[in-house]
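S.K.: According to Swiss-Prot, the feature GTP binding site maps to 12-18, 40-42, 307, 333-335, 415-417. Per Swiss-Prot, IMP binding site is recorded for 13, 14, 15, 16, 38, 39, 40, 41, 131, 145, 226, 241, 305. Summarising the annotation, Swiss-Prot assigns Mg(2+) binding site to 13, 40. Feature annotation from Swiss-Prot assigns active site, proton acceptor to 13; the stated evidence is sequence analysis. Per Swiss-Prot, the feature active site, proton donor maps to 41; the stated evidence is sequence analysis. As annotated by Swiss-Prot, substrate binding site applies to 301, 302, 303, 304, 305, 306, 307, with the evidence given as sequence analysis.
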């Protein structure tokens, strides 16, 4: 039995969906442990494109069990839409294939309204770049102990009372502070009672089920969302998401004991991207950045927003090693760098003449950073058709090796394209457990 956590090591959009899909082959259980439908995992299987926002991508395998942990915040309407979309493509998501923690908090209509109203009220320089899906306000209610959980839908009287109190408070804020329309109690109540009827068979105790799976020697894969630098505590605050995206939250967000985790795989692009506002030391503003953007199809799966692009940031990578305890890398989009005569990698930062080897916590300092680059030779030939790692150009392998040496973490997986087949597994994290530096 092995338990493996997969996390994004940059600012999200690293290709976690594809890597999770690959590792699902070796898993019995696949678990989402944080975030909501603000994240999108895209994967291509047999030429067919799938985009998942809530359901773990392991649902594509009939013999696998998928779980949504207590750390996830759930929009029932979006979940049902995703299930309906899969059914149209011949895949019915049944309760024996998907379990939702009854401790997961629900995104309510007033959460998205508050999210959008608050973002609209901010000045351009202070906008976070939220997706407007109610993620932040839902987490605020959770921490404020006034949230509504999935299990509350099973008790009609309890749900009615909690909803009444919540709408009374939210309507005051919406109408008085933002001048926005009020939320109608009756329509929300009826809508969520309908959701309860459809989703209640899926509710259960994820923590207990995972412990039973562990004791039965099952392989468990924990699927993270977003990226390390978007972590609410360890990221470039306030330009972050509202949950902990680091590997430690795999345990808190699912009710799984930390001593049972065997390996942590960090997903990292061969270059760097970021969506929305916030510090980005290696960002490229010239034709090179535009080239990476176009060749890498850097547009968000959830929002369609154009991603900012830059060179590989070794400092960010080392931060991810430290914060997650990474045991291996999954390096994606190596193919996008084909054709570059030379490739840069940030090995440190300069802040007003001071050399830094970690992202500073002060946001003004983070925005003032200048990357200190080292340069390595690029390669001319396209690599998207290569299936054997040894067949890669020498320069491409040297680049991978430089990332391994710089971070002290080996590459488990190298990806050279979006399709499942365009992936090379150098070592299986379910079988090999190596310690980081």
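Backbone N, Cα and C atoms are what each Cβ position is placed from, and that goes for glycine too.
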S.K.: Residue 42 (GTP binding site) has how many other Cβ neighbours within 10 Å of its own Cβ?
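M.R.: Around residue 42 (GTP binding site), other Cβ atoms within 10 Å: 19.
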S.K.: Among all chains shown, work out which of the binding-site residues 305, 307 has the most CB atoms within 10 A of its CB.
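M.R.: Most Cβ neighbours within 10 Å: 307.
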S.K.: Which whole-number value in Å describes the distance between the Cα atoms of residue 307 (substrate binding site) and residue 12 (GTP binding site)?
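M.R.: The Cα atom of residue 307 (substrate binding site) is 10 Å away from the Cα atom of residue 12 (GTP binding site).
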S.K.: Taking the residues 13, 14, 15, 16, 38, 39, 40, 41, 131, 145, 226, 241, 305, which the record names as binding IMP, find the longest CA to CA distance and state it in Å to the nearest whole number.
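M.R.: In whole numbers, the farthest two Cα atoms are 34 Å apart.
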S.K.: Please report the Cα separation of residue 416 (GTP binding site) and residue 38 (IMP binding site) in Å, rounded to an integer.
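M.R.: Between the alpha carbons of residue 416 (GTP binding site) and residue 38 (IMP binding site) there are 26 Å.
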S.K.: Hey, what's the Cβ neighbour count for residue 18 (GTP binding site) at 10 Å?
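M.R.: That number is 27.
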S.K.: From the binding-site residues 42, 306, 334, pick the residue whose C-alpha lies nearest to the C-alpha of residue 131 (IMP binding site).
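M.R.: Nearest in space to residue 131 (IMP binding site), counting only the binding-site residues, is 306.
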S.K.: Would you identify the secondary structure of residue 306 (substrate binding site) according to DSSP, in three states?
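M.R.: Residue 306 (substrate binding site) sits in a strand per DSSP.
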S.K.: Relative to the Cα of residue 334 (GTP binding site), which of the binding-site residues 13, 40, 304, 305 has the closest Cα?
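M.R.: That would be 13, the closest of 13, 40, 304, 305 to residue 334 (GTP binding site).
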